[in-house]
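Database features, via Swiss-Prot:
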- K49: N6-acetyllysine (MOD_RES)
- K66: N6-acetyllysine (MOD_RES)
- K102: N6-succinyllysine (MOD_RES)
- K107: N6-acetyllysine (MOD_RES)
- K107: N6-succinyllysine (MOD_RES)
- K292: N6-(pyridoxal phosphate)lysine (MOD_RES)
- K362: N6-acetyllysine (MOD_RES)
- K362: N6-succinyllysine (MOD_RES)
- K386: N6-acetyllysine (MOD_RES)
- K392: N6-acetyllysine (MOD_RES)
- K405: N6-acetyllysine (MOD_RES)
- K405: N6-succinyllysine (MOD_RES)
- K421: N6-acetyllysine (MOD_RES)
- 1-25: transit peptide (TRANSIT)
Amino acid sequence: MLSKLARLQTVAGLGLGVHSSVASATSVATKKTVQGPPSSDYIFERESKYGAHNYHPLPVALERGKGIYVWDVEGRKYFDFLSAYSAVNQGHCHPKIVDALKSQVDKLTLTSRAFYNNVLGEYEEYVTKLFNYHKVLPMNTGVEAGETACKLARKWGYTVKGIPKYKAKIVFAAGNFWGRTLSAISSSTDPTSYDGFGPFMPGFEIIPYNDLPALERALQDPNVAAFMVEPIQGEAGVVVPDPGYLVGVRELCTQHQVLFIADEIQTGLARTGRWLAIDHENVRPDIVLLGKALSGGLYPVSAVLCDDEIMLTIKPGEHGSTYGGNPLGCRVAIAALEVLEEENLAENAEKMGIILRNELMKLPSDVVTTVRGKGLLNAIVIRETKDCDAWKVCLRLRDNGLLAKPTHGDIIRFAPPLVIKEDEILEAVEIINKTILSF
C-alpha cells in the first residue's frame, strides 16, 4: 500500500506526463459568420477565449442529439460512441425522460431539504426497492456520491466498528477515477489529476487493482473502514478484473469487518449488460454509488445506497446538499430508471456488446492490439507509431461520422447509448474498420 507522498515521489522519478502526441486543435476563425448560426470554428475560439482550459475536447461543436446520434452546428450527423461517459444510456433526449422533466419543471423545481417535497419520497421508495437497500442519500454529481460514501464509511468506522477517532482509513485501487475534488484526487494514481494540488487527504491508501492478496494485506489494519472500487475501471481504459475478483472482495471485506463500496457511477444502470456491474458476480456491496445515467443525461442526479446500520450513523445537519433530492431531479430519475426497465436496456447492452466485441476483434492486430469490455462498455488499445495514435484515430473517426475519445493515451473507449440496434452497431463498425484501415 502506498501513501500519496510515496506515490508522488515514484511518479516524479518516472517523469510521467500527458500523452505527448495530443496536439492542439487547428487555429480557428476569429469572427462570427455575418449571417446564420455560429460556425464550429467560432465556437471553438469563443470557449478558448472565455472558458477555463481544463478540458481538451475533440474539435466538434454539437447542437442536437437524438437516440444514438448527435449533430454538429453545420448539420453533420455522428454516431455517439461516448454517451457522455455513460450518462446517456437511454439515448439522447429520450422522450419519456424529457416529458417527465417538462411535467415537473413548471410545478416545483427546488425546495432545498429545509422542507419536504412530494416527489423525493416517491423516488426514494422506488430506487431503494429496485436495488434492495434500506436507504438512499440523494446527491447531484458522481463525485458528491463518492465524497458521501467516504464520510459514511468514516462515521460507521467510528460509531460501529470502533476505530479510534480520526484514525479511520479507506483503501482504493490504483487506476481509479471518481472525480476531481481534493478527496477524489487524493486517492488517484494519475499525475494529471493530482500533481500540483497537494497536500492530500489523510487516511487514504492505495493498492493494485484486481489483486486480492494485496487487499487481504491491506485489510489486516484494524483501522481500515472501507474499500472503494469500480467493478470495471472506466477512465483507466475499461479494465475488466479477473473472474472472481468481486466475490473475493466481498469475502475479504466481510471477514475483516470492512465496508465494500462499489462505485457504479459509470458501470451501473445497464451499461455492462446487468443492472449493476457487480451483478455479473452476484455480490452485494455495503454501499453502492449511482450517477450519470440515473438522469438519462438531462440533469445531474447521483445516489448513495446502503442499509440502516451505515446510513443512520449520519444525523440531521451532518451532511447535505441544497439541490440533492430536489423534485425536478427526482422526477427525471424516476423516468430514467423506468426507461431502463421498460426497454430492457441491460439485456440489449449484453447482446449488442457481444456483437460489437466480435466485430472489433476482426480489426487488424498491427493497429488494434487489444479489445476488452462487458456489455456496451468497451475499449480498444491502439499500437502507437509516429503516424498513428488514439487521438489521431479519434479525429479520423470524427471525419467519418463517429465520435469517441481517447483515455490514457493509447486507449479508445466505445460506449454507445444502450438503445442501439444491431444494424446500427454494424454500420458503426464499418466506420471504425474503414478508419483503422486508413492508417
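For all residues, glycine too, the Cβ spot is worked out from N, Cα and C.
Structural mapping of features recorded in Swiss-Prot.
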residue: K49; record: N6-acetyllysine; Cβ within 10 Å: 8
residue: K66; record: N6-acetyllysine; Cβ within 10 Å: 14
residue: K102; record: N6-succinyllysine; Cβ within 10 Å: 10
residue: K107; record: N6-acetyllysine; Cβ within 10 Å: 11
residue: K292; record: N6-(pyridoxal phosphate)lysine; Cβ within 10 Å: 27
residue: K362; record: N6-acetyllysine; Cβ within 10 Å: 11
residue: K386; record: N6-acetyllysine; Cβ within 10 Å: 6
residue: K392; record: N6-acetyllysine; Cβ within 10 Å: 19
residue: K405; record: N6-acetyllysine; Cβ within 10 Å: 19
residue: K421; record: N6-acetyllysine; Cβ within 10 Å: 12
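In the three-state DSSP scheme, K107 (N6-acetyllysine) is classed as coil.
In the three-state DSSP assignment, the secondary structure recorded for K66 (N6-acetyllysine) is strand.
Comparing C-alpha positions, K421 (N6-acetyllysine) sits nearest to K362 among the modified residues K49, K102, K107, K362, K392. The distance from the Cα of K107 (N6-acetyllysine) to the Cα of K292 (N6-(pyridoxal phosphate)lysine) comes to 24 Å. Reported as a whole number, the C-alpha separation between K102 (N6-succinyllysine) and K392 (N6-acetyllysine) equals 40 Å. In this structure, the CA atom of K386 (N6-acetyllysine) is 36 Å away from the CA atom of K292 (N6-(pyridoxal phosphate)lysine). Here the C-alpha separation of K392 (N6-acetyllysine) and K405 (N6-acetyllysine) works out to 10 Å.
The residue listed as 'N6-(pyridoxal phosphate)lysine' sits 17 Å from K405 (N6-acetyllysine), taking the C-alpha atoms as the reference points.
Look at K405 (N6-acetyllysine): DSSP puts it in a strand.
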